[in-house]
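K.L.:
Once you've had a glance at the structure underneath, I'll fire off some questions.
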Amino acid sequence: MVENRVILHAYWLSSCSWRVRAMLHAKSIPFEERPVDIVKTGKQLTEEYRAINPAQKVPALEIDGVTLVESMAIIQYIEDTRPEPKLMPDTALQRARMREICETIVSGIQPLQNFGLKKHLGTEEKFLSFTKYWTGRGLQTLNDLLAKTSGAYCIGDQITLADICLVPQIYNGVSRHKLDLKTYPIVSKVYENLLKEELFQATHPKATKEKLKINL
């Protein structure tokens with residue numbers, strides 16, 4: 001039935017979009033991804049897309065007869081409504097530690113890497129300098145947090161929402177900002193472990209670009 005279709009409005013290279021794409025895959029939820037080009041054509045700024053997401057950002061998710069926006073709200077809704085497999089730790093302290101990691105990424109790193117900042121910083125050089133500095137600060141914080149919590153992954157050896165947030169952001173830092181992860185050895189170890197997981201290989205931007213036949 002049409003009302004049961006799950007539709008992800010996303011940009012293939014967006015870290016926020018990758019979070020939701022990975023969450024859907026982790027929960028084995030079939031979905032259709034509809035590309036929203038936020039770089040070349042500015043499709044997110046159209047009135048058509050504004051009707052989907054008033055903030056005119058990606059991602060937006062149509063699910064269960066409603067449309068949700070903001071990636072963290074979306075992945076928490078999916079976790080609450082599809083609790084298996086569980087992506088939340090067992091104890092209150094572990095859940096708090098998971099949220100520390102998530103907040104460091106979604107509040108302290110991602111907004112300061114955003115393409116939208118470029119036009120306000122004057123030059124490409126200033127933008128790259130700004131984003132590299134603040135991403136580095138955020139990664140050092142992550143490294144210190146992971147020293148308390150990590151095993152193979154962010155919280156011990158269980159994949160959680162923290163990992164769903166971490167992989168896309170580290171990928172951005174390495175691929176777009178050329179950050180050397182050797183400076184952040186615990187972040188690097190966890191990231192490399194997670195990249196081997198089918199969850200992140202299947203939802204990786206390169207795999208998504210190929211699947212959607214996006215030409216650049």
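Numbers run from 1 along the shown chain.
Note that Cβ sites are derived from N, Cα and C of the backbone, with glycine treated the same way.
Unlike curated entries, TrEMBL annotations are predicted automatically.
These came from TrEMBL, pasted as-is:
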DOMAIN    4-86  domain 'GST N-terminal'
DOMAIN    91-212  domain 'GST C-terminal'
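Surface or core, plus neighbours and distances: that's what I need for these features.
P.N.:
Summarised by DSSP class, the composition of the domain 'GST N-terminal' (4-86) is 31 helix, 16 strand, 36 coil.
Per-residue pLDDT, averaged along the domain 'GST C-terminal' (91-212), amounts to 91 for this model.
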